[in-house]
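Everything below concerns the one structure shown next.
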């Protein structure tokens, strides 16, 4: 990755910081600083430069977050080795189980695999690679890596299979020492099986040891086992070896991987890349900003003078306004003193009038006391009348009580008849129960016999199936016999108690019924007929009174209904009128509000209002208005037209060019702001036919969205806008412009423009409100409305609405008052009608009853009090017997329950546990036992039940006879003569009525006397009111003076709050003074700091006002003050028109920007220093860690390549080593020097040489960070026989490879012959099969036969040697030729010859031995001094030595092939 370019940075010593002694430190955020710059129209080169740096970083693939804390970034620790188990344990693949996977139809077992080296061989197309695909499938690789488009294609297509699955059995093993290399210890507790299944719907499922799992769980398990799923170093497929050789030194884009990234990914230093990239970008930004902020300080110091003039004018306006406020305050204080003097005179006159008022008040109070006496007398008479009325009501109540008792006696007879009916029903029910009891024993015996027969059958089945439980059942019967006997006795006792309780309850019911009958009989008297006659007279009197009240209620109800109906009829009309009046009021209110607040509601040009005033005055009749106010547009397009045509919308429209000149003259005369006039006549000869064009445009035309009634104004809009099209975004505009290039102009909804040439304009802050929108079509904001007329109409309308509301309220009160009364009267009327009807019916019934009683009157015996007491005592004794019987029954039930629970527990313990196998038969037997017991109880208890039923029936018949006799007796009884009581009551009622009439006459006289006293009192009240009126007039004067005083005090409060401060010159702005204690919080909230220059220019008018004492001024002084006020008001108005209200704000903003640039320059300088230190720290850490790993990998790759190629060399170095400050810029260079050749980059080698060098690099990575599993697919395809043998022997015999499991697919004999296991793959009829071969086991099995073959071979070899002895001598002579040792060979201590199966080099021929390691001039290993690399010798010396090497190599013949073959054979042992 290329580093970012550094910007020039001003040094810390010569930064142009401004003098900041009088101002605090200012630190604006980015948005607020940008806002200040835009408002002041200052170009922000800091932000623009930073934006370019952001684009540059994005192009380089840096994901940058400005808020990220890069100084405290956490770098993850170094990677740990995948197989660093301290106990030497590792996970290996034991077996692979495949089912319907690819070419494997059905179930197959691949294995067992060897713990180190397993070779897979077979013909092309037989399915060797499917073994690796099965591994990748379980490991969770995607379909593309498994050579298919989708996972469901992995299912075998030869049969109708719905799914396929692969299971890998992993086994934890511990390697034995070297002498027992082939042996290992299996740790059975750590074995695991991973299964993955896929179906036709592409649904995949993982299982770990037959438990559902996720892919994440599988990958975590593999990672714990040491299989690196992140870098996939364990997997080397066809062609991937050469891919290493084709890698560039470093990647040029994120989609490819270079040698540097490949190594960093393995080493782990890639964790430094992202933080270093972010820090480099951050340093570039900080360098740019620190430099640019220093330059901004110098620029803003020059801007101060530009904004100072407007600030001075604003402060002059502030001082003039405060002087005016000061003089107004003095005038108000003068008025307050004058009002106080006038109020003293008024209060003295008030004292005189107060005495007269008190005198008249005493006279009025005496008259009022007389009225109160009359009222007291009136109330006393009224209370007497009320008391007499209450007495009459009491006598009436007694009369009603007498009638109620008579009705109760009638009810007694009715109750007696009902009781008789109930008793007869109970008697019939008892007869039916008796019949059932009589027939129950025979039915019970039949049922018992049938159930006993069934029980015997079930018992026989139970005995057959439950012989093992018989003894326990016998034990249970023996142990529970005593308790069962007690239980039966208690049940019998309980039955007796319940029978006794039932009898007592029956006697109690009979006694209570007799007591009730006796009470009813005792209440019967001998005066029944007299009582009925009295009731008849009372009922007739009530009937007359109710009829009279009914007539009065009917009359009042009709009158109130008439009033209520009229009110209800008027109210709807009144309410509709009210709605109209309120709507009109709302419209007037809105017009007043709109006229008053037009400037706040919408945008208005400062000259528009004045021009409208001139038009209304008749001075400027041709003025039409501001162009933006003469049309409207939907609010969606407001931003687009207001931003693009904001200047044109402020044009002021007139009719002719002469009126334009008149308007310009008015602007000069009244010093109005600069504006543009446009006249409509210039469009008469202009072709505007296109505004109504029917042509179809590729997007909406902005002109079509404008709503305008006046056709001339509409033409003016078209002349300015033409056919510009409006779209949502610039992307859409660009897309349409490509389709119709150069044909239209486009504008976006936020105000950006795409011209016909393709140039973009706009992009600034969007503007709104320059034209009316359709949501507020009546909002003009330009025409000055006569507020006085509007407010007068508003007040008049309010009075009309108030009068209407009073009328409506009166009608609603009539409705509200009469509505409830009408409902009450209607209810009362219905009650009286029902009462009169009932009274008529009752009168007829009473007359008939009186006649019947007079005919049937007979004598009967009365029930005495002694009889009642005797019956009550008998009932109490029966209740006591019932309670005692219930208590005894409850106690017996508790004992029965205890015995029952005891037997149940015994049964559960002894029997129930042994009967689970015959539960159904046992349940049925238990049910039958209960039914038999129930039938037995019916048979045994039948006599007692029958006796009870007969007794109950007899009792009920007896009670029926008694109740019938009683009812007959009551029916024949008649009330005797007893009218004396009712006569007395009637007499008392008449006496009470006469007394009430007399007292009412006296009460009427008292009312007349009270009214005369009221008239006299009213005369005194009138006199008092006349005096009070004079008193109130004085009070009104005083109140008026107090109100004026209050108003002036309020004006003083306004003056106190009206003092102008610099903060009020621009109300929308928020300011804070430099001495404010909360300045930091307010600055954070967006406040602008007021400069010291502004505050120092404030004149002390407020202090002078506060020191001025309140007093009356002399006339000439007061007049002079008034003149000064008039002059100052004109000056204030002049300043208001001339000064820019944003002047102080702009000056404060430029000062704040200046202080912010000073603060930012210091802040970014400090940040830059800290980030540079952090960047250098991370670069050094990355370089040190990577250099250490690179040195190891380079040395190991070189050593392996030298050993395997017998004279070759390899090197891994930085491309930019010694040329750049950042060696990572150029990447890693993999250079190789094959035997007898020159140095070349690996991509320039032949295919076999690339493969050999890449494999050395792969094995070097295994040395650096080993992994327990390697899967290789035909890595030897490009190698010759010799190199294949060397690679195979290295994999098998190296100590470094013994701690890993290799699964290799190969078609080369030299490779698979060294395998510890051979997995043969073959195909029959399109289906793949396999066979696993153990070469060692086969060799042991065939050893006797091989011994015979070897002896025969030796005999024949001896004969052959005798024939070709000359050739052998020649071969031995050639074997003594020694190849010159390679000079400057590096001594390698990390690998040993034992890795290749050799104890030392004495077993090798002399030409294959290691040269003495005495010369290391070209070594890249570190020296002992200061850990610095040894410098290379001069280029000329190296070239001379290379020439010597070439001469020696040319003079040295190659060894014969037989020597190499011998070395290979020796290395196998």
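For all residues, glycine too, the Cβ spot is worked out from N, Cα and C.
For residue 126 (ATP binding site), the Cβ neighbour count at a 10 Å cut-off comes to 18, with all displayed protein chains included. Secondary structure from DSSP puts residue 126 (ATP binding site) in coil. Sequence annotations record features per position, and here Swiss-Prot assigns ATP binding site to 122, 123, 124, 125, 126, 127, 128, 129.
Per Swiss-Prot, coiled coil is recorded for 356-542 (among others).
Residues or ranges marked as coiled coil by Swiss-Prot: 805-974 (among others).
Outside the coiled coil (1016-1056) by six or more residues, the chain places 325, 328-329, 332-333, 335-336, 339-340, 342-343, 346-347, 349-350, 353-354, 356-357, 360-361, 363-364, 366-368, 370-371, 1105 with a CB less than 8 A from a CB of the stretch. What Swiss-Prot lists as coiled coil is 1016-1056 (among others), and the listing cites sequence analysis.
Long-range neighbours of the coiled coil (1159-1182) within the same chain, counting only residues 6 or more positions beyond its ends whose Cβ lies under 8 Å from a Cβ of the stretch, are 9, 12, 15, 17, 25-27, 70-71, 73, 75, 269, 272-273, 275-276, 279-280, 282-283, 286-287, 289-290, 293-294, 297, 1222, 1224. As annotated by Swiss-Prot, coiled coil applies to 1159-1182 (among others).
Under the heading compositional bias 'Basic and acidic residues', Swiss-Prot lists 9-18.
Feature annotation from Swiss-Prot assigns compositional bias 'Acidic residues' to 1439-1449.
The domain 'SMC hinge' (621-736) scores a mean pLDDT of 85 in the predicted structure. Swiss-Prot lists 621-736 with the feature domain 'SMC hinge'.
Annotation source Swiss-Prot lists region 'Disordered' at 1-25 (among others).
Swiss-Prot lists 758-781 (among others) with the feature region 'Disordered'.
Feature annotation from Swiss-Prot assigns region 'Disordered' to 1404-1469 (among others).
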What are the other residues, in sequence order, whose C-beta lies within 8 angstroms of the center of the C-beta atoms of 122, 123, 124, 125, 126, 127, 128, 129 at the ATP site?
1321, 1323, 1328
Measure the Cβ-based neighbour count of residue 128 (ATP binding site), defined as the other Cβ atoms within 10 Å of its Cβ.
24
By the count of other Cβ atoms within 10 Å, pick out the sparsest of the binding-site residues 122, 123, 127.
123
Can you name the residues of this chain that are 6 or more positions from residue 124 (ATP binding site) yet have a C-beta less than 8 Å from its C-beta?
1307
Quiz question: given the binding-site residues 125, 129, which has the greatest number of C-beta atoms lying within 10 angstroms of its own C-beta?
129
As a quick check of your reading of DSSP, tell me how many residues in the domain 'SMC hinge' (621-736) are helical, how many are strand and how many are coil.
59 helix, 18 strand, 39 coil
